[in-house]
């Protein structure tokens with residue numbers, strides 16, 4: 001019995017990659033220094049994986065920004081606008097990820113989307129010229145040879161041709177048609193080069209196969225691989241899937257020329273049933289994904305061994321594997337000195353998951369009952385308390401009317417118009433303002449008890465004053481307090497709710513250099529005291545203008561945390577919803593007229609198969625949001641915000657959330673959402689996001705005016721809000737002020753024309 005992992009976190013044990021790249025972005029280090037830091041990290045990771053006794057060690061899973069972009073660059077799928085900048089390869093790569101504004105030109109970044117049902121974001125490759133598609137990159141070969149120098153025969157990992165092709169945004173059908181042929185030839189050339197290097201195994205990741213596949217999808221997949229696998233020669237090919245099962249194509253895969261199939265037995269609801277029904281091919285190896293790559297709880301070896309024993313009825317050729325890449329979990333629990341050992345023993349981050357794979361291999365390769373098995377089973381005895389009877393009773397007492405807001409949206413809109421007295425095209429921001437080093441160090445000093453609560457509060461109040469003043473000088477209509485007290489929109493609420501646990505170093509990559517530290521939902525959730533009330537009241541006291549109350553919604557808190565596995569996601573979300581509802585009512589009672597409840601991650605846990613959307617997710621996720629705000633008065637305006645996702649196919653459900661205003665992250669996708677909003681007669685007022693905050697470039701007044709005009713061509717002027725597409729926390733003040741001034745100027749210019 002051997003073991004394997006799909007891929008490993010690339011940010012480093014202490015986010016070394018993030019800091020090295022950011023240093024380069026700030027011109028504080030050279031290209032050579034950045035590339036050396038990256039290589040050092042790769043070497044460290046390989047040695048760690050090797051030391052842990054993993055047989056199939058991945059290479060090419062490392063990335064300076066995003067592995068989808070890496071695959072696109074490998075095959076020269078680069079839009080002409082980036083080529084025309086005439087930058088060197090590394091800076092062209094970063095121009096695609098972040099945009100570019102400088103002496104060589106001014107271009108926006110590639111669109112960013114959620115990676116399937118995770119909180120990782122990938123960059124959408126753009127192809128306007130298929131003629132140039134060819135194997136021009138060498139990253140995959142270089143990194144294989146780097147590992148080889150360490151004495152490691154690695155398994156290069158690459159996104160498969162079918163998934164990559166499906167993720168590319170093509171200029172038109174003609175470009176797409178030519179790209180299909182060119183990309184196939186490029187992958188064939190890749191196979192040839194890997195054969196020349198005498199590579200043993202290549203892992204091709206095809207997560208797109210876990211979606212509902214059409215006949216056309218299956219035909220395209222077969223067309224690609226029937227040709228491609230004829231060129232594999234001595235190269236062994238592992239087809240790796242994750243985030244679901246392969247029910248639409250599994251029987252065909254058994255007859256294919258793949259040497260191994262990687263199946264997900266954590267999220268793949270039908271993976272085992274498919275094997276029980278169709279068996280497994282004698283000429284193939286099964287890479288069994290039984291270590292959860294997306295959650296941080298320790299593996300129960302009894303359950304894993306039971307699964308392996310069942311699989312062994314159908315094949316003896318089994319490799320123990322992770323269910324998906326380990327980049328979705330933190331690096332290691334060894335940096336957690338503050339968490340009580342009674343909790344910590346039940347957690348397994350990436351490094352500990354390597355140990356679990358090693359243990360399981362050893363247990364399966366030994367004949368008698370192994371002490372490793374007994375030690376694992378002991379972990380699950382005497383678990384700390386998770387239940388709260390008061391929370392259970394409150395959930396039980398919920399009635400149907402608790403999930404419905406009255407009066408109707410139409411009636412509320414008239415009442416709010418009279419009450420709020422906002423101009424046409426009201427301007428606002430999404431919530432957070434830049435968090436400079438002094439804001440972060442003030443928060444850290446307070447956490448480490450180096451300063452008093454009074455000092456901490458006074459510092460933040462001064463920052464709020466400055467933030468309100470900046471917004472008033474710029475001329476925004478609805479203000480925010482800036483969220484200087486918050487490290488992260490989810491972690492902050494988790495820290496102030498009962499039922500959550502927190503790590504010191506549990507960082508996970510969200511996109512590029514952005515890392516998040518998800519809380520752990522351990523027990524039943526409740527609010528013991530107001531969370532944001534004092535900050536909101538203070539901010540509102542500073543201005544005659546409306547200052548929004550800012551909260552994170554229950555679905556986002558759930559989706560951006562590591563969830564419990566002992567109760568349903570529905571129950572966990574409803575518990576959080578009741579806690580946030582208490583906060584909403586406190587804000588309203590304090591005179592806060594607009595309350596924003598962000599559901600940035602609503603789409604994130606949407607099942608990948610459409611048939612499961614309602615029964616497994618939307619039927620409880622939307623009501624959970626309704627539960628949060630159903631108790632407010634008609635004159636209180638409820639806002640929500642969503643980002644990084646495609647929403648066009650669930651807009652009716654979003655409308656059913658019954659918020660009064662919703663802001664979307666739509667600027668990176670060229671406002672394509674607007675046509676759907678218009679088509680379905682979306683009732684909620686909308687702020688589509690007029691510029692991309694993930695890029696350091698400052699949009700001009702002309703550019704913003706054109707964007708606003710584009711929105712006005714699609715939606716009634718009474719329905720539109722003008723705002724950036726996301727929070728401003730990660731940007732510098734000079735970019736923010738310049739961008740917002742241009743936003744207000746453009747809006748005023750358009751108002752005059754109306």
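Glycine is no exception: its Cβ is also placed from the backbone N, Cα and C atoms.
Taken from Swiss-Prot, the feature active site, proton donor applies to 694. According to DSSP, residue 694 (active site, proton donor) sits in a coil region rather than a helix or strand.
Annotation note: residue 604 (5-methyltetrahydropteroyltri-L-glutamate binding site) sits in a coil segment as assigned by DSSP. Annotated 5-methyltetrahydropteroyltri-L-glutamate binding site per Swiss-Prot: 15, 16, 17, 18, 114, 514, 515, 560, 604, in sequence order, evidence recorded as sequence analysis.
In three-state terms derived from DSSP, residue 483 (L-homocysteine binding site) belongs to neither a helical nor a strand segment and is classed as coil. Around residue 483 (L-homocysteine binding site), the same-chain residues six or more apart in sequence whose CB sits under 8 Å from its CB are 431, 432, 433, 489, 550, 727, 729, listed in sequence order. The L-homocysteine binding site feature in Swiss-Prot is assigned to 430, 431, 432, 483, 598.
Packing around residue 430 (L-homocysteine binding site) is summarised by its Cβ count: 26 other Cβ atoms lie within 10 angstroms of its Cβ, all protein chains included. Positions annotated as L-methionine binding site by Swiss-Prot, on the basis of sequence analysis: 430, 431, 432, 483, 598.
Positions annotated as Zn(2+) binding site by Swiss-Prot, on the basis of sequence analysis: 641, 643, 665, 726. Listed in sequence order, 430, 641, 643, 665, 689, 693, 694 are the same-chain residues six or more apart from residue 726 (Zn(2+) binding site) with CB atoms under 8 A from its CB.
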Fewest-neighbour residue among binding-site residues, criterion Cβ within 10 Å, set 17, 515: 515
Candidate with sparsest Cβ neighbourhood (10 Å radius) among 598, 604, the listed binding-site residues: 604
Least surrounded among the recorded positions, given as 15, 114, 641, 694, when other CB atoms within 10 Å are counted: 15
Cβ neighbours of residue 665 (Zn(2+) binding site) where a neighbour is any other Cβ within 10 Å: 25
Collapsed DSSP category at residue 665 (Zn(2+) binding site): coil
Rounded Cα separation (Å) that holds between residue 17 (5-methyltetrahydropteroyltri-L-glutamate binding site) and residue 598 (L-homocysteine binding site): 29
Between residue 604 (5-methyltetrahydropteroyltri-L-glutamate binding site) and residue 598 (L-homocysteine binding site), the C-alpha gap once rounded to whole angstrom: 14
C-alpha spacing of residue 598 (L-homocysteine binding site) relative to residue 114 (5-methyltetrahydropteroyltri-L-glutamate binding site), in angstrom: 17
Cβ-Cβ neighbours of residue 431 (L-homocysteine binding site) (radius 10 Å): 25
C-beta crowding around residue 432 (L-homocysteine binding site), within 10 angstroms: 23
